[in-house]
Amino acid sequence: MEKTEHSGLELHGFKNLKRIHWNLSTPELYEEIIKRQEGLLAHLGPIVVRTGHHTGRSPNDKFIVEDGFYSADVNWSKDNKKISKEHFEKLYSRIQAYLQTKEVFVQEVYAGAEPEYRLKVRVITETAWHSLFARNMFIRELNWDRLKDFEPDFTVINLPRFHAIPEQDGTNSETFIIINFEKKVVLIGGTSYAGEIKKSIFTVMNYLLPKKGVLSMHCSANVGKKGDVALFFGLSGTGKTTLSTDPERALVGDDEHGWSDNSIFNIEGGCYAKVIKLSKESEPDIYECTRKFGTILENVAIDVITRRIDLNDDSLTENTRASYPITHLPNIISNGIAGIPSNIIFLTYDAFGVLPPVAKLDKNQAMYHFISGYTARVAGTEKGVKEPKAVFSACFGAPFMVHHPSFYAKILGEKISKHNVNCWLVNTGLTGGPYGVGKRFSIEYTRRIIKAILDNELDNIQFNEDKVFGFYIPSMIPELPAEILNPRNSWSDKEKYDEILNKLAISFTDNFKQYSDKVDAEILKGGPRVS
């Protein structure tokens, strides 16, 4: 699609551009990627690219412009760092000069499947493959006539080859991701990692949607055959993608959603799945997507002669990714919109082995665990011994939350009360002991638990209150051994269990102290009772 020369981009101060590629189709972008040697065409059709030095997000290089108006709502923190308007303007001027005589690619897309809350996004890139990424990840406009008069609500300018000068630009390195709410612009430079494009717009939506009473969420969502909706929250490694991909349920989306008065809606139009060691047996649908035309494979190993990929090779990074339109998947909600959820599931990988495989949460506990965003990771110590470390990420997505976590939690609590939503904590981590002793809950057990939740099998089951965390543990689940449901019963050393459980409870309360001055007393009641 061609527009009149330089139309629209003069609004951004871009002049003397060599050429603008407007809204190229996927085949056209493939041609440009190969012509420019930006990637390799792999067997069966995906395109394989390299991101260079950055194989993941650069959280230390993300900034929000302090403008005195929009920024008054920002929860300034290590995840939301300030940069001055003066630094932004100087950097933007250099970008305008940098782009003179260069070719750029433009995709005009949407964030938000619900038309009432949709954001019109223009993505300007200097590479064809990043333009394809934007086309894959956001929602495409299928009516070409509407693109003729497209006026963006927000613009992303992605320039991997342009580098900041930290001493001059007020950045922490040559890499930068800067969001300016006043100018409605995102600047990305010094990194080829495409996830920055997706997550910067998610950050923007996390600012805008809650101000309209819509809860923006870092979660996946699916729908059962009876129309019942489930949300899955969870940090990396908890099984969010695996457990929300269910042949019996249609996928709304795998990562970013909004919850309005009437619906759950996908913010995106694509998926950005981790594919390291992905197998056809464990993830058949996602596996098939790694072998389709239109898919971008980031940092996946490829034989340059045979063009066969190797998903097990982590020589470049363990964070290998596949970007593909959600329409590549077989069982989806095509318009990205579903009803109000019946169940919310908070997934955690508890490497301490003290949390139950499933527990029911009341509203206050749900808000508390939502703000906490807990999982545990196993990190190597100096002596080479691996031990678990508690990890907390507010709202299960702290790097992308602009407002204070209590703001999101308040909206969540209101919606749970209004719609009488069931809330659950599901532990996909260890049982029978801590790391090194305990074993991970089998995926079959966890899937059975999820099925029991979603099929309302736990409605008439007796629950027992946990003395420390206060949540409610089912006494039995059909087809599961009863001894695994209460984690204390699976430990041979009961005193050790009590000690580690109390230590974990203290980790929760210590982490929550940073929020206690801004949350209601009711939410504090949802936390553990520390002895």
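For all residues, glycine too, the Cβ spot is worked out from N, Cα and C.
Automatic prediction, not curation, is the source of TrEMBL annotations.
Per TrEMBL, the feature substrate binding site maps to ARG57, TYR193, LYS199, ARG321. Every protein chain considered, the tally of other Cβ atoms within 10 Å of the Cβ of LYS199 (substrate binding site) stands at 23.
Residue density at HIS218 (Mn(2+) binding site): 24 other Cβ atoms are found within 10 A of its Cβ, drawing on all protein chains shown. The ATP binding site annotation in TrEMBL covers LYS199, HIS218, GLY234, LEU235, SER236, GLY237, THR238, GLY239, LYS240, THR241, THR242, GLU283, ARG321, THR446.
For ASP255 (Mn(2+) binding site), the count of additional Cβ atoms within 10 Å of its Cβ stands at 24 [all protein chains shown]. According to TrEMBL, the feature Mn(2+) binding site maps to LYS199, HIS218, ASP255.
In this structure, the CA atom of TYR193 (substrate binding site) is 23 Å away from the CA atom of THR238 (ATP binding site). There are 25 other Cβ atoms within 10 Å of the Cβ belonging to TYR193 (substrate binding site). Neighbour density for GLY234 (ATP binding site): within 10 A of its CB lie 25 other CB atoms from the protein chains shown. Largest Cα to Cα distance within the recorded ATP binders LYS199, HIS218, GLY234, LEU235, SER236, GLY237, THR238, GLY239, LYS240, THR241, THR242, GLU283, ARG321, THR446: about 29 Å as a whole number. Of the binding-site residues SER236, THR238, THR242, THR238 has the largest number of other Cβ atoms within 10 Å of its own Cβ. When the binding-site residues ARG57, SER236, LYS240, THR242 are compared by Cα distance to ASP255 (Mn(2+) binding site), the shortest distance belongs to LYS240. In three-state terms derived from DSSP, LYS240 (ATP binding site) belongs to a helical segment.
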